[in-house]
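Below is one structure, written out as structure tokens; the observations come after it.
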Amino acid sequence: MQTILSSLLAAAGLASAARPWLEFPDTGAVEQFGTLEEGGALPNVSDVVGLPDFDYLAGEYMSLTNYTYYRNGAAGEWSYRNNLEIFQRMRFRPRVMTMVDNIEDSLPTTILGYNFSAPFFISPCARAGYAGPWGETGIMRGAGRGNVLYQVSDFSSSTKQEIADARAEGQVAFLQLYIDPSNDTSIIEQIREAEELDFKAIILTVDSAADGNRHRAVRFGVGSADSSYSSITWEKYDWMRNQTDLPIVPKGVQTVEDALLAVEHNVPALFLSNHGGRQVDGSPSAFEVALEIYQEAPQIFNQTEVFADGGVRYGADVVKLLALGVKAVGIGRPFMFANIYPNGTGVERAIQIMKREVAIDAANVGIADLKNISPNVLDWKRFPTWAQGS
């Protein structure tokens, strides 16, 4: 199934660009894993060597409808593609003969004051139950064993109580919310649920003003769960802040102007995201937004914590975002694909892979400390001017 989908996408890429689009890199996954029976036996999770492997395996193992729910993007899916490809347009300037022996010691970080084992986290993605009946509880268990942050989706398959109960002792998780800004009673109920279930922060979705224009999803009957118009304003955000002591982080910032407004409203953190390229085609990747902030208002990275997600598949992607000043990097779809393995084993493996990749990629660039990365490790001169918006 995955092979057919990849062929179609590659053909579409040939028709629309000089370089064909590859759904996942040709690094031997097809040859190693072959064709799987839908819902059949999975290869040993230890045989997975990179996050794209989980994408391939999920495409083989899941029904096409369920896989499409995770995979789809808006309209022609150009923003989805750009999220993935933008990282390779910015090259490194690796330095050699540097002391990198202790790079792994700098992996642990804090996010809103809570300690985690790595500078990346699991972004909120809906309907984890499409991967397996364990739903979000599998992701929570894997995140707990790997000691990384899991931001739970508001549109979950498992109940919020089931997800909360799956936490390990002392495990910290955040809860994403979609709100109806016209219904204060409902918003307060959502906030109280987050408090009662001991989620430590609220991730407020602000980039979903209308239904996403998802052609692929509509064909398979798995369109957006958020189908109404929603006018969330900064006034509503400030009102929400007054209803709780929980930090509320706006997710979906896509311009330097909105990042500056977020700082004016004293956000505890802001989250750069284009919703995985699922809302409006032509929206910028989080990497491009982080670049815009670095160029036009770099002080923002010192004024508040900045998170970013979208298209991250390799440790090098994480390193590039950290080099711009991003505090922690979100990864979404790969963890949903990894969740085809039960009891969080795939999620745990994905965490292990990313920790190793972040460390070795940073070391190979000559970075000694992940908390002190110079932006000069990025090759600004060769980054195309059209990709910088100039």
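Glycine too: its Cβ is placed from the backbone N, Cα and C atoms.
Predicted, not measured: the structure shown is a model, and the values here were computed from it.
Quick look at what TrEMBL annotates:
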| type | residues | note |
| --- | --- | --- |
| ACT_SITE | His275 | active site, proton acceptor |
| BINDING | Tyr69, Tyr178, Arg214, His275, Arg278 | glyoxylate binding site |
| BINDING | 124-126, Ser153, Gln176, Thr205, Lys251, Ser273, 309-313, 332-333 | FMN binding site |
| DOMAIN | 43-383 | domain 'FMN hydroxy acid dehydrogenase' |
| SIGNAL | 1-17 | signal peptide |
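When Cα-Cα distances from Gln176 (FMN binding site) are compared across the recorded positions Tyr69, His275, Arg278, the shortest belongs to His275. It is Tyr178, among the binding-site residues Tyr69, Tyr178, whose Cβ has the fewest other Cβ atoms within 10 Å in the structure shown. The 10 Å shell around the Cβ of Arg333 (FMN binding site) contains 23 further Cβ atoms across the protein chains shown.
Cα of Lys251 (FMN binding site) to Cα of His275 (active site, proton acceptor): a span of 9 Å. Highest local Cβ density among the recorded positions Ala126, His275, Arg278, Asp309 belongs to Asp309, counted as other Cβ atoms within 10 Å over all protein chains shown.
When Cα-Cα distances from Ala126 (FMN binding site) are compared across the recorded positions Tyr69, Tyr178, His275, Arg278, the shortest belongs to Tyr69. Rounded to the nearest whole angstrom, the C-alpha distance between Gly311 (FMN binding site) and Tyr69 (glyoxylate binding site) is 16. Regional average pLDDT for the domain 'FMN hydroxy acid dehydrogenase' (43-383) in the model is 94. Ranking the recorded positions Pro124, His275, Asp309, Arg313, Arg333 by the distance of their Cα atoms from the Cα of Tyr69 (glyoxylate binding site) places Arg333 first. Its Cβ taken as reference, Arg313 (FMN binding site) is surrounded by 22 other Cβ atoms within 10 Å in the chains shown.
Each residue contributes its Cα atom, and for Asp309 (FMN binding site) and Tyr178 (glyoxylate binding site) these two points are 18 Å apart. For Gln176 (FMN binding site), the Cβ neighbour count at a 10 Å cut-off comes to 24, with all displayed protein chains included. Long-range Cβ contacts of Pro124 (FMN binding site) within its own chain (separation 6+, distance under 8 Å): Gln151, Val152, Ser153, Asp154, Gln176, Ile203, Thr205, Lys251, Gly332.
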